[in-house]
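Everything below concerns the one structure shown next.
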């Protein structure tokens, strides 16, 4: 029965598929918003003609891409599909809660879209800072709807996190220790812990903002003894772990893809990889004020947050060099997934280097709120998180669907996307170094050249998205079934065939330990 299977599902594979489809669809919406942004900035002068609507688009682009594309696809899609298969569990620990986690997202998305449809929309940026987000600068229901949208997305993620933590700790075979689980399972576990600890703080902050707006409290209003800086601390205590939540599952995916296509039976430095992810997760919670170097922190506070932020480069470097060591001496297969993974390693590293530049509080005074910051986080998100999602998608597509993608189309898709994103975001470093500020719909003529190049790049990326849609259609239309899978003995998820049966591991799993 269609309704029973897809609306009331308690099956991790079906829910994972729902997450992947929802994330792909939201990704199209987010891409459309980004194209509007780049169309506006493609030449000097106004296109949309209104700065408020421009900022509404920027805000919606961020929320859609983060909460409705990257997180649902990585954690909800790949996490649901692969974690139970990789640890030999029959399903998730709480299958019905799993379904609720997914079905909280469409209403959340609806509220976000509704916020742009009423009044003037929420043109606050994704940070939703008061007083701009207060009830004077943003009168009307827009920001309130955005806050409710975030509440639903947050509850969804918290429930999902509880589910993953319970599943991974509790549903392994008795003989399997945590240090025998694959790196993707580790990455999801650490991500879930980060979600569980950071989201309640965001909920507190936006709830206080809600009461400031509607119930006359003054948490963030100096007139009543409040402080807008308190909101920034609460938001970024969530916001910084959040960016690691977005990339950690990607680290797990890349570890699997690189190992598989290097012909290795295990990644280089397994324990180091685990240690590095745990370190990144911990450090992610104690660096939040590096987003606030311009608000007037004490010099000793700035010194601490500068050095603490730089420390994160060490475990990140451990991971990058371990991936390179995994490649070393391998029988490398230049599959599309491997290309995405290699692109990830290179471009994520570039994004990390600009992050090190920004971690210097003195330099950040100049670079804060310029396009240098935009370039930095789009390198680690648009070429880190997205490349990881694409690597995982083309690698596990035969597992999810039972069909194979066309190799040539997949490689062409990678090439066009690679050119597009680099052409879009590399020039933004130059704009930032020249002082072009973020979140403005127009700019002085001096910035025209690189903005035009950047906007052209975004249209190349759009072409890549269209090719991807065609590539997926082509795979389902041609129905090339999977012949055989290499290395299934060290890649447990492939053990049951492509696609696996509806129920896997119905009897308890046993592991022989040597």
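Using the three backbone atoms N, Cα and C, a Cβ is placed for every residue, glycine included.
Not measured: the values here are computed from a predicted model.
For reference, Swiss-Prot has these:
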TRANSMEM  15-39  transmembrane segment
TOPO_DOM  40-55  topological domain 'Mitochondrial intermembrane'
TRANSMEM  56-80  transmembrane segment
TRANSMEM  94-117  transmembrane segment
TOPO_DOM  118-143  topological domain 'Mitochondrial intermembrane'
TRANSMEM  144-166  transmembrane segment
TRANSMEM  186-208  transmembrane segment
TOPO_DOM  209-232  topological domain 'Mitochondrial intermembrane'
TRANSMEM  233-255  transmembrane segment
BINDING   240, 290, 291  Cu cation binding site
BINDING   244  O2 binding site
TRANSMEM  272-291  transmembrane segment
TOPO_DOM  292-302  topological domain 'Mitochondrial intermembrane'
TRANSMEM  303-324  transmembrane segment
TRANSMEM  338-360  transmembrane segment
TOPO_DOM  361-370  topological domain 'Mitochondrial intermembrane'
BINDING   368, 369  Mg(2+) binding site
TRANSMEM  371-393  transmembrane segment
BINDING   376  heme a3 binding site
TRANSMEM  409-430  transmembrane segment
TOPO_DOM  431-449  topological domain 'Mitochondrial intermembrane'
TRANSMEM  450-473  transmembrane segment
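Positions of the features from Swiss-Prot, shown on the structure.
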residue: 240; record: Cu cation binding site; DSSP (3 states): helix
residue: 290; record: Cu cation binding site; DSSP (3 states): helix
residue: 368; record: Mg(2+) binding site; DSSP (3 states): coil
residue: 376; record: heme a3 binding site; DSSP (3 states): helix
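Distance from the CA of residue 376 (heme a3 binding site) to the CA of residue 290 (Cu cation binding site) is 14 Å. Summarising the environment of residue 369 (Mg(2+) binding site), the number of other Cβ atoms within 10 Å of its Cβ, over all protein chains shown, is 15. Broken down with DSSP, the topological domain 'Mitochondrial intermembrane' (209-232) shows 14 helix, 0 strand, 10 coil. By number of Cβ pairs under 8 Å, the transmembrane segment (233-255) is matched best by 186-208 from the list 56-80, 144-166, 186-208. Between the CA atoms of residue 291 (Cu cation binding site) and residue 369 (Mg(2+) binding site) there is a gap of 10 Å.
Taking 368, 369, 376 as the binding-site residues under consideration, the smallest Cα distance to residue 244 (O2 binding site) is found for 376. If you look at the topological domain 'Mitochondrial intermembrane' (209-232), the same-chain residues 6 or more away from its ends with a CB under 8 A from one of its CBs are 127-131, 133-135, 143-144, 147, 291-292, 295. The Cβ of residue 291 (Cu cation binding site) has 22 neighbouring Cβ atoms from other residues within 10 Å, across all protein chains displayed. All protein chains shown were included, and the count of other CB atoms within 10 Å of the CB of residue 244 (O2 binding site) stands at 21. Those residues of the chain, other than 240, 290, 291, with a C-beta within 8 angstroms of the mean position of the Cu cation site C-beta atoms are 236, 239, 287, 288, 289, 292, 305, 309.
Ranked by the number of CB pairs under 8 Å to the transmembrane segment (56-80), the listed stretches 272-291, 303-324, 371-393 are led by 371-393.
For residue 240 (Cu cation binding site), the same-chain residues lying six or more positions away in sequence with a CB closer than 8 A to its CB are 284, 285, 287, 288, 290, 291.
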